[in-house]
Amino acid sequence: MLQKREKVLLLRTFHGRTLRIVREHYLRPSVPCNSPLCPQPATCHNDGKLLSSDVTHYMVPDWKVVQDYLEILEFPELKGIVFMQTACQAVQHQRGRRQYNKLRNLLKDARHDCVLFANEFQQSCYLPRERGESMEKWQSRSIYNAAAWYYHHCQDRMPIVMVTEDEEAIQQYGSETGGVFVISFKNYLDNFWPDLKAAHELCESILQSRRERENESQESHGKEYPEHVPLEVLEAGIKSGRYIQGTLNVNKHRAQIEAFVRLQGASSKDSDLVSDVLIHGMKARNRSIHGDVVVVELLPKSEWKGRTTALGENDGDDKALGESPSEPMPTGRVVGILQKNWRDYVVTFPSIEEVQSQGKNAQKILVTPWDYRIPKIRISTQQAEALQDFRVVVRIDSWESTSMYPNGHFVRVLGRIGDLEGEIATILVENSISVVPFSEAQMCEMPVNTPENPWKVSSQEEREREDLRKTHLVFSIDPSGCEDVDDTLSVRALDNGNLELGVHIADVTHFVAPHSYIDIEARTRATTYYLADRRYDMLPAILSADVCSLLGGVDRYAVSVMWELDKTSYEIKKVWYGRTIIRSAYKLFYEAAQDLLDGNFSVVKDIPEFKDLDEKSRQAKLEELVWAIRKLTDIARHIRAKRDSCGALELEGVEVRIQLDEKKNIHDLIPKQPLEVHETVAECMILANHWVAKKIWESFPHQALLRRHPPPHQEFFSELRECAKAKGFFIDTRSNKALADSLDNANDPNDPIVNKLLRSMATQAMSNALYFSTGSCAEEEFHHYGLALDKYTHFTSPIRRYSDIIVHRLLMAAISKDKKMEIQENLFSNKDLEELCRHINNRNRAAQHSQKQSTELFQCMYFKDKDPETEERCISDGVIYSIRTNGVLVFIPRFGIKGAAYLRNKDGLVVSCGPDGHSEWKPGSLQRFQNKITCTTTGGESVTFHLFDHVTVRISVQTSRCHSDTIRLEIISNKPHMTPDTELLQQCSLLLKSDLVKEVTRSVEEAQLAQEVAVNITEDYQKYCQTKGRSLYTLLEEIRDLALLDVSNSYGI
């Protein structure tokens, strides 16, 4: 029977007054204990994760240990941890949402042997707070009391070790209950885990950092930064309009000088500002770090500054030579931080000379983060000299107003500087990507498909699903070598003369149950991560490449959308959604499908499904397939024309096709020619996504997951308009239809690169497409700008995207009749769905950034060992696409590289070009105009560079110990680079990118084989490489764009 108590809460108002609030608190005779030793598991309702039975004791951390040592408690070696509800709530209230979510994810993770015990709802465990008792003492008393009850509940069969940092608690409770031990966390590690070196090192690092903070707080220092305004004052200031709230974005090219705050929430609606707010200098940033949610006070207009327009190299100089800022913009200073965005940071120790200059016994070391946007971090360690050649991970603990730099602690070593695996690990950590293997508990939920026990369709599913195996010609069209097929198509004539178009998607949700271990893991990952030489899957291969993959000639479960179309106009008459069983008849590659569409039937010999047929059967089946492909293409043309009339955009993307040998290693990388079948498949997928979006919104108007693409801000188009104007084109950006038509008309017949660059600029001006819950936005905000659709979602790739899994569940709930209530119980509320959408959006950005950074890594490694003075491949044609005050931005079509080329160096010399076009550095000056820049020497020689001029560029690599290497471009001639294969250049060929990946990978493999003694490379490889073996295909498939000109997903398709 429930017992009711009253819980008193003391809350502070905006005005600083304290309110006493009394809430009802109900106690239960039993709550889940999640122990295998439970004498009454049915009474305790132990339905979730249980603690391991293979442990010598249970460990109960108190609230302070959970707060300070959570990263050690995350070690999978530490088993049998019982987190008390009291400790978890202390983390939530005192450390904020980020730390609390980290703890929640730890409890959900099947790889970690830990559980939550709701001690404050258990009748025998709950202790009311005594009058005059401090919150800290009550929390320790409650946790100890719950630990003692837990010991007796398990029939005194498992010792309990409570770990705490409270010496008084150790003295008071240490010998109070037999079988329940109370010790410090350091003693716990010393006694129970003496060989867990990483935990001991991390513990010492955390203790050292804490001691440094305590010492600093006792010393009297002058203020380096102003104190932050109290929270209640910040909230009142935001509400009154005095302050502005937004996210801090640091300019990575001028990280010491420039940062911008983009308005969000109430600030963006109530403010008259139409641009970001400039935060100039570290003092004005006031200890905020890139990504923090900050509160800003605007400075008087007389103190506003302009955005820097010069090229920068993060050299820390406040004023570049001849720098001329843009027009003054709103400028402010940070007065408070609402939410810190601290995470793990990859850093590098200073060189041995710098360490020695600080003194032989110096323990405080300033380490330099890999990310330019993060300030140096001060840590305490005696390993600085030993680790100076390694990339390591640190965490920030505090940033006091008396300190120039934040304080942090050392966490772990990643790998050697410059080593491929170490650099890849750096990219993963910097984007908060976890790539641990799938756990045993997760794999136990997976279906089995082996020669001894093959997977097959169940009789129950045959009864409940629509069986299309004998009635529909279903086939897939995918890139060459693709093995994880998640979409197939069908089209057929109906008896009434109309047509039926079908899109059939892998039924992943049949195998991934809501709230299962694999579902929680997929939700955490949110997407499959594609790097330049590998991939990390969202789902195990047994699903992604086997039983969920819609391979040819095998039975598979699918979720289908089928439309009845008018036979001539292709207007949609009706639509059907449902679960189906399909057997794909053909697994076609794009090129083969295009050949069949064009009437080139010689490709038939390369289609496996035709090989064993006699001539008559082959001809009949060929005619059937060709009719289907041509009819699909005709339907897709009609769909596309309809979207075009509404303003659908076609923006620039560079795609490549991977050619494989028999062993599935890369044989070649060929520029992907635009084929009409690409458009055909894409239009069918867009149609399915659109109609599913409408269906789930109609059924769940307040909790459907859709994808919106907001219209871009008009000021973001200014550079696009000016560049187009330089070529005599007018770009109308008032609507998506006007923009699409303008881009179509902006063609230079003598230089196709111009239109590609203009479309690229249009892409960069776009807002990001975002997932959202329909209950959190007004319906007029649902629109997808890039696709010109009123409602859109992602339904067609559940193998790779968790958003699609949610959409499949919503669709099943919308069309279900028999189990409607049961299915709907597993759906997210609007609040929970919106939180999930924020997580997925965040993970999508991380996936895009990591792919781009890994591509840049490979580009640098490819050019790093080549002599730019003699190597022919280091000289290439480039196109100027932007003018700056001290140089230009150049695009190199052959490699897809974008970068800065300086026209004035650090010595103040400017580029001068002779009659033959070759350049040299001479004293002189620069004069920048809107669409051109002129270099004039003191001798009177001048050369002018215009927008879209072709120049000859030398490519080299700017190396860095602390940061990633970067591509360096130098204009060596103001004339185009002449190559024997001009057609290759016109196609923006990325042919040499195959050499880039193959050569870098091969050189790394050879180096590893040559080294008999590797420095923990094996350990790092096992930790960060999910895909085994040397097959580059299993790592590279699905990569659509190895170039930096990555715009294929920028506008949200």
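Glycine residues also receive a Cβ, built from the backbone N, Cα and C atoms like all the rest.
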Swiss-Prot annotation (region 'Disordered') - matching range among 307-332, 463-488: 307-332
Per-region confidence, the domain 'CSD1' (233-309) (mean pLDDT, whole number): 86
Composition by DSSP (helix, strand, coil) of residues within the domain 'CSD1' (233-309): 20 helix, 26 strand, 31 coil
Number of helical, extended and coil residues in the domain 'CSD2' (365-431), per DSSP: 11 helix, 28 strand, 28 coil
